[in-house]
Ligand code: 13P
C-alpha cells in the first residue's frame with residue numbers, strides 16, 4: 001500500500017515573516033501522521049524552515065540543486081548544503097527549470113543521480129506542454145522524461161525516488177487536469193515502470209501537480225494511481241494547503 005504524499009512548492013515566493021506564518025499554520029493544522037508532507041522552500045529560507053519544522057513530522061527540501069559537489073558554479077546550491085539544512089527531499093526537473101532555465105533530460109538525470117548518491121530523495125517532475133498534449137504525444141513525452149532518468153539510475157534509483165506528473169498546461173493556470181485525464185497518464189507511467197520492475201512500479205509514489213486546490217484534491221487523490229499532490233499556488237495559503245493534506249489523509 002502506497003502512502004499519500006503532499007508537497008508544497010513555494011517557488012520564488014515568500015518573506016521570512018510569511019514563511020514563519022505558513023509553517024506555524026501547517027504545523028497546527030496538518031495531521032502529518034495521516035499523510036506524508038514535504039515543503040519545498042526557496043534555498044534562502046531553508047534555515048528558517050529547518051528551525052520551524054525540526055522535530056515535527058513534516059519534511060522539507062530544496063527546489064533545485066546542482067549535481068556537482070562544490071566548485072565554481074556561481075548561484076548554485078549543492079546537495080551537501082541542502083543536507084546541512086536538514087533537507088530530506090529535492091525537486092528535480094520542474095517544468096519551470098526545464099523551460100525557463102534550459103534543463104535537458106540529461107541534466108535532470110545527472111541531478112537525480114547526484115541526489116540519490118547523497119541520500120536525498122529526488123522528486124522527479126515530468127509533464128507535457130499543451131502543444132504536446134494536443135498533438136497526442138503526452139505518453140511519449142512523459143515516458144521519454146522518465147526513461148532518461150531510468151537509464152541513468154536504474155531500478156535501484158527508482159526504488160528511492162518520487163515522481164510528480166505535472167502537465168505544463170495545468171501549472172498556475174487554474175486548469176486542473178480532470179481526475180480521469182491525470183489517472184490515464186499516471187496509469188501509463190506505472191505501466192512503463194512495470195516493464196522495468198513490477199515491484200518498483202507497485203511501490204513508487206506518483207504525485208499529480210497542476211492547479212491542485214482543496215476543492216479538487218479529494219477527487220484527484222481518489223484515483224488508483226495518484227498518490228498525492230505537488231502544490232504550487234495553493235501551498236501559499238494555510239487553509240488551502242491544510243485542506244489538500246486532509247484530502248490526502250482520507
Ligand atoms: P500550481 O499549483 O500553482 O499550478 O503549481 C503547480 C506546480 O508547479 C507545483 O510544482
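A Cβ is built for glycine as well, from the same backbone N, Cα and C atoms used for every other residue.
Please treat TrEMBL annotations as automatic predictions, because they have not gone through curation.
Sequence-distant neighbours of residue 211 (substrate binding site) (same chain, 6+ apart, CB under 8 A from its CB) are 170, 171, 172, 173, 174, 175, 176, 232, 233. Among the features that TrEMBL reports, substrate binding site is placed at 9, 10, 11, 172, 211, 232, 233.
Non-local neighbourhood of residue 94 (active site, electrophile): 9, 63, 64, 125, 166, each in the same chain, at least six residues away, with C-beta under 8 Å from its C-beta. Residues annotated as active site, electrophile in TrEMBL: 94.
According to DSSP, residue 166 (active site, proton acceptor) is assigned to coil rather than to any helix or strand. For residue 166 (active site, proton acceptor), the Cβ neighbour count at a 10 Å cut-off comes to 27, with all displayed protein chains included. Look at TrEMBL and you will find 166 tagged as active site, proton acceptor.
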For a quick check of understanding: given the listed substrate-binding residues 9, 10, 11, 172, 211, 232, 233, what is the maximum Cα-Cα distance in angstrom, as an integer?
14
Those binding-site residues, 11, 172, 232: which ones have a Cβ sitting under 6 Å from ligand 1?
172, 232
Determine which residues of the same chain, besides 9, 10, 11, 172, 211, 232, 233, have their CB within 8 A of the center of the CB atoms at the recorded substrate site, and list them by sequence.
13, 171, 231, 234, 235, 236
